[in-house]
Amino acid sequence: MDNNRYKISPLMAFMFVLTLTTILNSYSATAAELETYIVHLNSAKGQGFDQSQDRETWYQSFLPSTTTGGLTDERTMVFAYHNVLTGFAAKMSAEQAKAMETMEGFISARPQRKYSTQTTHTPNFLGLHQNLGFWAGSNYGKGIIIGVLDTGTTPAHPSFNDEGILPPPAKWKGKCDVAGCNNKLIGLRNLTGISEEHFDEDGHGTHTSSTAAGSFVDDANVFGNANGTAVGMAPLAHVAMYKVCTLEDCEESAILAGMDAAVEDGVDVLSLSLGGESLPFYQDGIAVGAFTAMQKGIFVACSAGNSGPFNSSLSNEAPWILTVGASTVDRKISSTVSLGNKALLDGESLFQPKDFSKTLLPLVYPGANGVGNTAWCAEGSLDDVDVKGKVVVCDRGGDVGRIEKGQTVKDAGGVAMILANEATEGSSTIADAHVLPASHIGYKDGVAIKAYINSTTSPLATLMFRGTVIGVESAPEVTSFSSRGPNLASPGILKPDIIGPGVSVLAAWPVSVENNTQTSTTFNMISGTSMSCPHLAGIAALLKASHPDWSPAAIKSAMMTTADQVSLNGRPIEDERELPADVFTIGSGHVNPSKANDPGLVFDIQPDDYIPYLCGLGYTSQQVGIIAKKTVSCSETILEGQLNYPSYVITLASGQNKTYTRTVTNVGEAKSTYTISVTNVHLPPGIILEIRSPALKFTAVNQKVAYDLTFIRDSKAQMNVPYAEGSMAWAYGKYVVRTPFSFKFI
Ligand SMILES: *[C@@H]1O[C@H](CO)[C@@H](O)[C@H](O)[C@H]1NC(C)=O
Ligand SMILES: *[C@@H]1O[C@H](CO)[C@@H](O)[C@H](O)[C@H]1NC(C)=O
Ligand SMILES: *[C@@H]1O[C@H](CO)[C@@H](O)[C@H](O)[C@H]1NC(C)=O
Ligand SMILES: *[C@@H]1O[C@H](CO)[C@@H](O)[C@H](O)[C@H]1NC(C)=O
Ligand SMILES: *[C@@H]1O[C@H](CO)[C@@H](O)[C@H](O)[C@H]1NC(C)=O
Ligand SMILES: *[C@@H]1O[C@H](CO)[C@@H](O)[C@H](O)[C@H]1NC(C)=O
């Protein structure tokens with residue numbers, strides 16, 4: 001990707017977003033139509049406001065109440081920001097936004113984007129055990145505050161019981177907009193402005209917040225499955241929920257308001273299971289807000305997106321964010337398809353009825369007629385198909401929810417559903433709370449079932465429910481929906497950064513999925529990078545508790561350089577779409593919390609180090625200023641690859657060489673010497689790596705040592721692929737500090 005595409009004038013940038021947003025929201029913005037605009041003002045003018053009142057008065061001056069042609073100007077302030085940006089969100093028309101352009105101190109105004117939201121067993125799977133090791137050593141995240149921006153949460157849920165949890169630290173300034181907060185759930189802010197009966201109509205935020213820091217709850221299960229102790233990653237940490245999403249959507253103005261409040265309130269970690277499409281960082285509210293958080297020492301984890309397995313499908317690509325992909329855990333909720341030809345095919349379903357037919361039933365694939373909607377079991381598509389009393393095969397995809405497909409089958413009189421992956425989804429299956437007996441199976445198994453249906457005049461099948469199976473040795477595997485690189489907004493930074501549990505994760509839920517009533521202990525199993533993000537946020541809280549002096553970049557580096565490369569079976573982590581998992585899929589690898597606690601060396605980055613990097617992306621000084629919240633003059637630029645990042649993207653033409661400098665900080669033993677051995681360097685054919693420092697010698701903790709790496713592409717070597725990958729690791733005693741390489745050949 002060419003950096004030039006970001007060298008656009010401010011006016012063009014404004015028009016670009018306007019067009020994009022209009023297309024995305026698929027309505028034509030007439031002059032009279034009011035939209036929420038995000039307005040950026042010049043930071044220099046915004047400095048020196050001691051009283052928030054002065055600032056808001058200044059903001060308000062951009063929205064004069066005028067009367068034109070007998071019509072009152074309807075522009076109204078939605079949010080006035082104090083931390084994450086100098087500016088505000090206001091409802092106005094495109095013409096009114098344009099009218100502000102001439103006002104002094106104005107930088108930009110653009111319609112807001114819409115973002116989308118994308119056990120219990122997982123701590124053990126990640127090597128966290130009660131009273132042992134890192135979990136005990138980090139005091140379970142005691143005293144750390146995790147801010148979660150989501151759909152809200154459920155205060156009365158036992159996952160938010162505060163037994164044994166101390167009051168929040170004195171720095172905490174947040175508050176609760178509703179009753180029900182305690183020492184676990186210390187903050188609950190409503191920033192949506194939408195009327196909803198409960199504080200989390202959706203359930204998503206209850207799930208993510210309990211995954212990050214839920215308290216211990218015994219006998220947690222769904223339909224009796226996955227029974228065990230439910231607990232978040234940092235059970236003694238505090239949770240502050242910023243409700244920025246409704247059942248419908250997540251508005252950028254509310255997300256910015258949530259981050260603004262979280263920074264003010266004093267959170268230590270932020271978890272955002274939210275994302276939109278790739279945009280330059282100064283136009284991406286999450287990137288802009290996360291930068292301020294990072295400047296204040298707050299660690300920010302975000303979901304990578306659920307738009308996989310397609311290339312360049314990532315959200316949240318900024319280097320100051322930890323971008324988290326989704327992988328499986330070693331647990332399946334088994335539902336086996338038994339065919340009339342005696343074949344048995346393993347699938348999954350969370351709903352496991354005890355009394356399902358043991359005898360074979362008629363089996364049908366309505367999609368055999370070649371109609372997409374029928375194959376996908378879209379709503380109403382089975383009305384003219386005889387599925388009564390039958391087991392129905394539905395294909396995954398077609399923009400129809402997996403559970404919705406089952407509802408269509410049920411409505412049409414079908415008795416069970418076999419949900420078959422399409423080719424791109426490979427063997428990625430999910431245990432969902434289906435509304436009827438079901439089995440979600442992989443692509444190849446689906447093809448086998450369809451071939452069987454073709455082979456006989458009376459195809460038959462039934463489902464056998466085998467409950468919870470632990471110890472699936474191929475885990476972790478990357479699931480098909482996890483978004484992939486390459487990074488579009490900053491092609492020289494490798495993303496995603498890391499993967500963590502995001503498939504069939506059990507955590508708190510506001511209502512019973514069995515009967516939709518509110519009961520005391522309700523859980524649900526859902527899937528998404530939305531689920532992997534709070535795992536990493538919780539682990540960041542543990543690391544922060546055990547290393548209060550580590551910067552966000554140091555915490556991130558510790559997680560990335562120690563991430564696992566192999567699954568339980570000892571083989572390289574696989575991609576469930578039946579390909580090897582490449583760096584664009586797993587980034588640095590699968591998080592290993594205990595190793596992250598003792599990484600030996602870290603690649604640290606100071607907030608101001610990002611400024612020459614942002615200037616190097618071709619952004620104007622003003623655009624960088626929007627992100628950095630200060631006056632920036634882009635006199636100094638660095639290439640993306642010169643940021644002190646714990647991974648590399650190396651673009652090389654034939655015969656070309658490139659040199660990268662990195663600086664590591666010793667957080668391990670004072671006297672230590674890290675070396676490189678041949679076994680720790682992996683390079684694709686035709687690439688030579690020159691390391692002029694064969695050893696990094698340290699005599700003190702926190703000592704920094706810099707070194708250069710030169711990558712040379714042999715002009716004689718024939719490169720038949722556009723991309724390749726590799727890695728290197730510095731090693732000393734038990735420490736292995738690994739950094740992955742992604743090569744692009746041009
Ligand atoms: C959130 O705020 C909006 C607007 O003030 C209000 O209508 C809604 O009821 C609030 N939601 C909850 C759950 O309090
Ligand atoms: C869950 O496990 C607990 C403790 O082992 C047990 O008492 C309880 O009956 C189990 N619940 C279910 C639904 O299996
Ligand atoms: C992107 O997708 C295509 C087609 O699936 C594939 O050939 C290519 O290697 C992928 N990866 C990258 C990094 O472009
Ligand atoms: C089954 O038969 C249909 C129609 O004859 C054909 O289109 C399809 O490819 C066959 N499927 C398999 C898996 O053999
Ligand atoms: C709904 O299901 C839950 C289990 O999740 C059970 O405890 C509760 O009693 C059920 N409520 C009703 C009204 O059936
Ligand atoms: C790297 O490239 C430069 C020219 O771009 C050349 O002068 C230098 O010798 C090369 N170094 C190596 C190690 O190939």
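Every residue, even glycine, has its Cβ placed from backbone N, Cα and C.
As recorded in TrEMBL, the features of this protein are as follows:
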{"type": "SIGNAL", "residues": "1-31", "note": "signal peptide"}
{"type": "DOMAIN", "residues": "36-117", "note": "domain 'Inhibitor I9'"}
{"type": "DOMAIN", "residues": "141-566", "note": "domain 'Peptidase S8/S53'"}
{"type": "ACT_SITE", "residues": "D150", "note": "active site, charge relay system"}
{"type": "ACT_SITE", "residues": "H204", "note": "active site, charge relay system"}
{"type": "DOMAIN", "residues": "362-449", "note": "domain 'PA'"}
{"type": "ACT_SITE", "residues": "S530", "note": "active site, charge relay system"}
{"type": "DOMAIN", "residues": "642-741", "note": "domain 'Subtilisin-like protease fibronectin type-III'"}
_Secondary structure of D150 (active site, charge relay system) (DSSP, helix/strand/coil)_ = strand
*What average pLDDT does the predicted model assign to the domain 'Subtilisin-like protease fibronectin type-III' (642-741)?*
96
_Residues of the domain 'Subtilisin-like protease fibronectin type-III' (642-741) by DSSP state, where helix covers H, G and I_ = 4 helix, 57 strand, 39 coil
*Between D150 (active site, charge relay system) and S530 (active site, charge relay system), how far is it from one CA atom to the other, in Å?*
10
*Which whole-number value in Å describes the distance between the Cα atoms of S530 (active site, charge relay system) and H204 (active site, charge relay system)?*
8
*In three-state terms from DSSP, label H204 (active site, charge relay system) for me.*
helix
*Looking only at Cβ atoms, how many others are within 10 Å of the one on D150 (active site, charge relay system)?*
27
_Please give me the CB contact count at 10 A for S530 (active site, charge relay system), counting all chains in the structure._
30
*What are the DSSP helix/strand/coil residue counts across the domain 'PA' (362-449)?*
28 helix, 17 strand, 43 coil
